[in-house]
Amino acid sequence: MVNAGDMNGSGNLMDFLDEPFPDVGTYEDFHTIDWLREKSRDTDRHRKITSKSKESIWEFIKSLLDAWSGWVVMLLIGLLAGTLAGVIDLAVDWMTDLKEGVCLSAFWYSHEQCCWTSNETTFDDRDKCPQWQKWSELLVSQSEGASAYILNYFLYIMWALCFAFLAVSLVRVFAPYACGSGIPEIKTILSGFIIRGYLGKWTLLIKTVTLVLVVSSGLSLGKEGPLVHVACCCGNFFSSLFSKYSKNEGKRREVLSAAAAAGVSVAFGAPIGGVLFSLEEVSYYFPLKTLWRSFFAALVAAFTLRSINPFGNSRLVLFYVEYHTPWYMAELFPFILLGVFGGLWGTLFIRCNIAWCRRRKTTRLGKYPVLEVIVITAITAIIAYPNPYTRRSTSELISELFNDCGALESSQLCDYINDPNMTRPVDDIPDRPAGPGVYSAMWQLALALVFKIVITIFTFGMKIPSGLFIPSMAVGAMAGRMVGIGVEQLAYHHHDWIIFRNWCRPGADCVTPGLYAMVGAAACLGGVTRMTVSLVVIMFELTGGLEYIVPLMAAAVTSKWVADAFGKEGIYEAHIHLNGYPFLDVKDEFTHRTLATDVMRPRRGEAPLSVLTQDSMTVEDVETLIKETDYNGFPVVVSKDSERLIGFAQRRELILAIKNARQRQDGVVSNSIVYFTEDPPEVPPNSPHPLKLRRILNLSPFTVTDHTPMETVVDIFRKLGLRQCLVTRSGRLLGIITKKDVLRHMAQMANQDPESIMFN
């Protein structure tokens, strides 16, 4: 250590910051990362590893391990995400069936698995077997009659309430961040915001367990969005094991982008759709390297899920379909109509749901999350049970709506009147008149559609894990199936009309109602989320219906156009704005003609900018400035008079640097001079030891002039991911623009209250 007497000898002066110290470069909670700084730190780290690798074999091996660590992380994410998704699927199947009955031969079997193992199941009664008993059969030995129905009804509601109560209690007590879909927060985190604990181990564990409970309870929600959150938690956990990712927030976000792709891959069995979803919908920064790694993570996750085979059909896809009829050009008209319906439903849902969530945040309703979940679950279970289409799980409902009516189908939707003289092959059944079963199914579907539309508005956003993909698809699939049956009957009864004459001859199989359900599902999902490319790819991967891409594309584009006519925001962007997260959407356009000088602070009449000088402030002055302000950093100038800009110092790093200097460096006291230059300033003899902090100074902060158009400034913030930008004129510091200033200004220009959108 240097004594106070010879501190002026700059040769002996020790800059303790030549050695890195803990926590420099990390960020505080609810702060935004500096993308440029993270990028340059990673480049420095890579350069150091490359130069060291030439020194010895061991260093060369270490450099190879560093290069491969990214692929290892992707492999681990894929394996864990695939395993968790498989376990969730199996548990949901069992617990959903548990509400209606139990398997006597093995209580852990679902209804379907129980009857697979039975030797006494007939084809006509494939859902009935002696081993599977409803609760009424088990408790009062009755399967039919009013008392059996009431007992089953009562136990169905009780199980639903039990699952929902357990889920909301676990979320409240152990992991408050495990609620909701997770995608709005993932988008915000990937844009550079820090939310500590959101991707933690507790959140991963509780979200996985409660996701099974809430989906099994029969609430109108899906597991697909929360599975993206679960996969990102896996990504965060594995990236913390490798210093390359744990010490660099920018690199960590590359891993999280790939994890989001793996999440969609296992949610839908759609690996390519997952990669496109991450690229189109979630990610903020998506370099080519991340694209390859996302592809690999999605592949491993899909392979793992396929190995577990939770659907028991040896297929990866959730709703495999096999249609035997091509689609015809005249059908594009009803497909586009379904697209219009999807866009209108998306707009209605977003507006109503955001209004309800805002009410929840601003009134006493938000203080009783457990009561809200219990009430919504009770209403859902009471209304859902009498209708067979709402009683079953939403995934089963969609699967039935997508199905084509073959000769072996026992569904009510396939209750057509058969021609006794029909001698066609089984796969090519001609269009037939609808029987009484189809008409009663249409009524039940219409009631189920109204119920789903209303209840989903109140369910999404409660304090439980809740996805939106499956409920949106269910709404579209029900509307689509009804339109499909309508077109089919129209073609059968009026095949001589000019629109049907060319392609629908009597006795031909021309219209496939299941295809309309598929198109309707895509339209409604697109209307709510505003996805296009990834949506179409997910839909054809989900169903295996490759030749129906054009109808899906037509519906997806139409629904986006219609929904965009009423507002540009999808549901995730709307929730980001509702919560006030500092998210600059790349899709938004800024068209106002304002300048940097209109937005920068300080404004006229405000106190001057808090700055540090390069060599005239003491440790006590710096500590006082830090204590009296809450800014994230301070510009460093030559002097208060000249205000020539030198660089920018982060608040957190100043605090850590001074704290470490006091502990590790002799002679640093409150009246020690702090300097940011290469050489120490001239100080009188017997003065205390000066403190050099040049190492933490950013010598190339991003600057714009005061006449830079705000359109350009907004673009810079979006594309470079800046935290702040300094405003200068001829090298003199005038002010500062932060990301929050940009968001406030954009809100002001859109006639919104600028303070109401800021995250608290």
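Every residue, even glycine, has its Cβ placed from backbone N, Cα and C.
Range annotated as transmembrane segment by TrEMBL, chosen from 307-331, 332-356: 332-356. Across the domain 'CBS' (600-664), DSSP classifies residues as 24 helix, 17 strand, 24 coil. For the domain 'CBS' (600-664), the mean pLDDT of the prediction comes to 88. Secondary structure of the domain 'CBS' (697-755) per DSSP (helix as H, G, I; strand as E, B; remaining residues coil): 22 helix, 19 strand, 18 coil. It is 68-92 that, among the stretches 68-92, 255-279, 368-385, forms the most Cβ pairs under 8 Å with the transmembrane segment (195-215). Against the transmembrane segment (515-540), the recorded stretches 68-92, 153-175, 332-356, 441-461, 468-487 differ in Cβ pairs under 8 Å, and the greatest number is found for 468-487. Residues 70, 73-74, 77-78, 81-82, 84-86, 186, 189-190, 199, 223-224, 227-232, 234-236, 238-239, 245, 285-286, 290-291, 293-302, 304-306, 315-318, 469, 531, 533-534, 537-538, 541-542 of the same chain lie 6 or more positions beyond the ends of the transmembrane segment (255-279) yet place their CB under 8 Å from a CB of it. A Cβ distance under 8 Å defines the sequence-distant neighbours of the transmembrane segment (368-385), meaning residues of its chain 6+ beyond its ends; these are 153, 156-157, 160-161, 164-165, 167-169, 172, 217-220, 360, 391, 451, 455, 458-459, 462-464.
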